[in-house]
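Copied over from TrEMBL:
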DOMAIN    25-169  domain 'Flavodoxin-like'
BINDING   31-36, 78-81, 116-125, Asp151  FMN binding site
DOMAIN    222-462  domain 'FAD-binding FR-type'
BINDING   Arg366, Arg398, Ala399, Phe400, Ser401, Gly432, Leu433, Cys434, Ser435, Trp612  FAD binding site
BINDING   Thr476, Ser531, Arg532, Lys537, Val538, Tyr539, Val540, Gln541  NADP(+) binding site
Amino acid sequence: MLACAGKSDVFSDTVIPAPMSERKLLILFGSQTGTAQDAAERISREAKRRHFCCRVEALDNYSVANLITETLVVFVCATTGQGDPPDNMMNFWRFIFRKNLPPSSLCQMDYAVLGLGDSSYPKFNFVAKKLHKRLLQLGGNPLLPVALGDDQHDLGPDAVIDPWLLDLWEKVLALYPLPPGLGIISPDVLLPPRYALHFLDENADDGDQPQQEAARDTPSELHPFAALMVCNQRVTAESHFQDVRLIEFDITGSGMEYSAGDVVMIQPRNSPEDVQQFCQLLRLDPDRRFVLKPSEPDMALPAHLPQPCTIRHLVTHYLDISCVPRRSFFELLSYLSPDELEQEKLQEFSSAQGQEELYSYCNRPRRTTLEALWDFPHTTCVIPPAYLLDLIPRIRPRAFSIASSLLAHPNRIQILMAVVQYKTRLSKPRRGLCSTWLASLRPQHGDVWVPLWVKKGGMKFPAKPDTPVIMIGPGTGVAPFRAAVQERVAQGRKGNCLFFGCRQKSKDFYCQAEWEELVKKGFLTVFTAFSRDQEDKVYVQHRIRENKGLVWDLLSRDNAHIYVAGNAKEMPAGVAEALKTVFHLEGGLSSSEAEEYLAALERSHRFQSETWS
């Protein structure tokens, strides 16, 4: 590969410095949960200390055709699900793999790729590896090998990011040296906030944002549809340890359509109690109004905030005060702290050496941002409001498998939702932000509106009407299969086989009456595994082995499709082993042949899974 003018050849140690006017860095991220965005913003802060003109954008917000003009780009990409790119880089992903892109498209670009993944998944950091390879094919000049951050590491992805960044800046500064007379801005110096908050005079014209405009765009993250909640019903016994809800929304007039396997995205909000507590801690007037001004000319304003905005709206709808704070949170707080003891602790938490202690303080007990602020009272009460958007990430939407079919429930979306609550060493139980908020809503006491939109899901059900389906969905994993069964029954399709597992028949057998009615009508075959109803635990994988003849016949003779949904912890591996046992005992396949048979089913999309941790 030949390097372009002003760049280093990847096969050579000779470096030709770039002109000063070219000291621009573009950081593009693909992030599902916010970790990749946080890492991208960390790189941006370090770039600003080295006097780079720096832009940070989600990959799908960036006009990808402009990539051919970029000279220095860092890509930060998470891998989701079964090796998939995050939602906010899907369009970029499709574009970059177009076959008609010339192999020299990116020959002027120096690049580095940082991947964020989880080594407990089979396709660990698949997106970053594949992107790195593709950029190389298009003529890009890699500054470093692809970095593979791992959530499973004791220190999280920082164990890889920290040393990788040291190498990155060494390479970058060799190509793009500091301007004469300028040194790296010391880590002791606080960088300015990304946005300034201009508070409005109490008597100024209200200037409230108009309500959602009548323009009937398809609802999306930027323009969600306010759906009326019509039902919020507990479907587990009151004596059961887990509260699971069947929740129904009216989507009349939204224009939204969906199929079995699709997901609904819901934008949660903080509780009024937490909002009040946060405002008291930071000495903020919740009714005070402000407008945001970006600190740099080409920086976009947050798309999800109205202008002007109240502090109450900012904290309720935007700032994720219930998330576990990241290292960058403590780093910024350490700059703002006027208290010597608190500052010392904050500096320790944000240092590379202090990551084990930070993990013990934050991640292990799942301490929230609000709780962490309580622990640093002298610092918290002096946080300048302008730094709130640098300090605390945005509340991310939550995805739920749709548990209903439009053919069975026109203008409705139903979800099956477990209310997240668990104990750690902290005295107060940990609660899921979205599930706790949804569970608290009482549609029977008045109109309740929830912002949502629909997204294509990963699972696709067969188009041919005579193709049977084997669905394996323990617990709330049964949600997408309820949608599929309703859809297929409405189309008159039989050949629906469901393996369902839960703890006890009397306490958490979701949709029992519905399944039994469909069994009677000949539309459904159900195999149940109630793990705690007998001395020895029985799971769905046991039922698969017990019904090996039927499973093998459906697969080998009738070309059935298999679907698995549910918790990613142990169930998917257990199901895969059970299926390989079926292939061995009923199909006469050797261990390696059974392994390959399952892989072939996956490649042809006859085996699909959707799991979550």
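Even glycines carry a Cβ here, placed using N, Cα and C.
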* Predicted model, mean pLDDT over the domain 'FAD-binding FR-type' (222-462) -> 95
* Structure fact -> Same chain, |i - j| six or more, Cβ under 8 Å of Ser31 (FMN binding site); the result in sequence order is Gln37, Ala40, Ala58, Val76, Ala78, Pro86, Asn88
* State the count of C-beta atoms found within 10 angstroms of the C-beta of Arg532 (NADP(+) binding site), not counting that atom itself. => 13
* Between Gln541 (NADP(+) binding site) and Tyr121 (FMN binding site), what is the CA-CA distance rounded to a whole number of Å? -> 20
* Structure fact -> Rounded Cα distance, in Å, between Phe124 (FMN binding site) and Val538 (NADP(+) binding site) is 31
* Asked: For Asp118 (FMN binding site), what residues in its own chain, 6 or more apart in sequence, show a Cβ-Cβ distance under 8 Å?
  -> Thr79, Phe124, Asp150, Asp151, Gln152
* Could you round the CA separation between Lys537 (NADP(+) binding site) and Gly34 (FMN binding site) to a whole angstrom and send it over? => 38
* Length of the line joining the Cα atoms of Leu433 (FAD binding site) and Tyr539 (NADP(+) binding site), in Å -> 30
* Asked: Cα-Cα separation of Ser435 (FAD binding site) and Gly34 (FMN binding site), in Å?
  -> 19
* Please name which of the binding-site residues listed here, Gly81, Tyr121, Thr476, Ser531, Val540, is nearest in space to Ser401 (FAD binding site), Cα against Cα. => Thr476
* Between Tyr539 (NADP(+) binding site) and Gly34 (FMN binding site), the C-alpha gap once rounded to whole angstrom -> 34
